[in-house]
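Copied from TrEMBL, the annotated features are:
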type     : residues : note
COILED   : 183-210  : coiled coil
COMPBIAS : 27-50    : compositional bias 'Polar residues'
DOMAIN   : 74-329   : domain 'Fe/B12 periplasmic-binding'
REGION   : 27-54    : region 'Disordered'
Amino acid sequence: MRTNKIVAMVSVLLCTIMLSACGGVNSNEASQKPQNSPASQQADNASEASAATEEKLRTVTDDLGHVLQIPTHPQRVLAPYLEDPLTVLGVKPVAQWSNGDIVQQYLQTDLAGIPKVDFSSGGLDPEQAASHNPDLIILIFESWAEKGMYEAYSKIAPTYVFVDGMSDWRKTLRTLGDLLGQTDQAEKSIQDYDAKVAEAKQQIQQSIGDEEVVLLWPSGKNLFLLSALDYSGKLLYEELGITEPSLAHGQSFQSLSLEKLPELGSAHIFLITQYNDTEAKELQNKSVWQGLPAVKEGRITEISWNHWMNNGLIANQLNLEDTLKALVK
């Protein structure tokens, strides 16, 4: 496709040179030549329009190997659950992810007035997608493109698919920067973030040394222990160098029984709360919880599910602020 584009552009260039050469013929000879017929002029206009259209498109390949042509400068982007990196890049999507009434609350100042696409039925309905007239659809997860959905979305607009756009937010941000013509902004944002993390790492090290910090998430009837493999756990244990509890090491969203809570020792505990704090309150009312050293010594910090269970630059900046507030006195 790139070769075809170059050939087309070269052809247009050659035509331009030939026309310029014809213009160099003496004026008497030129005046004797008949003017282009209307049909010929229409053909020239159509050729120019076709070349202009081709120049406004470029070819990209997504994570699944789909080769697609996308606008050089997309104007109507639909990228559910990628609103964090879109906001970093200064791009307003045509619609934002929601699950019923639940939205990414921490982004709502920037997404005010942006309509929602509802995922409560299990996915993005093609009719919903089409109603927003996108010129580019971007899917954060491969699973969202399965069972014929990719073909359905591709009939609406070029559709780019990540295998897992949550696993490496830097890579995702850079990819989106490339797709949306914002590579410089993506790189600058990452550099600024990394500088903040480096400074915070020193402050935290001076404050708590090698003390452990636990990430606990009560959800439904389960209690999950997060590690460096999980979302915000990467910030704590990899980027900030905070000591990861041995119980969490190498495990992803490990289900933890109440009986194992005392094995956390005297670690600081970050307790993730979500839409309502019912699960957190139930946990905090249990005697095994109340007997933990971290509870007795006031080393419990409640943090919001809304951004701690996300993995974008803005979410991580908020997580960084929470961490500094909790650990640096």
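The count begins at 1 with the first shown residue.
The backbone N, Cα and C atoms fix where each Cβ goes, and this holds for glycine too.
All annotation found in TrEMBL is predicted automatically rather than curated by experts.
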Intrachain residues whose Cβ lies under 8 Å of the coiled coil (183-210), provided they are six or more past its termini: 85, 88-90, 170, 173-174, 176-177, 235, 239-243, 268, 313, 316-317, 320, 323-324, 327-329
Mean per-residue pLDDT computed across the domain 'Fe/B12 periplasmic-binding' (74-329): 96
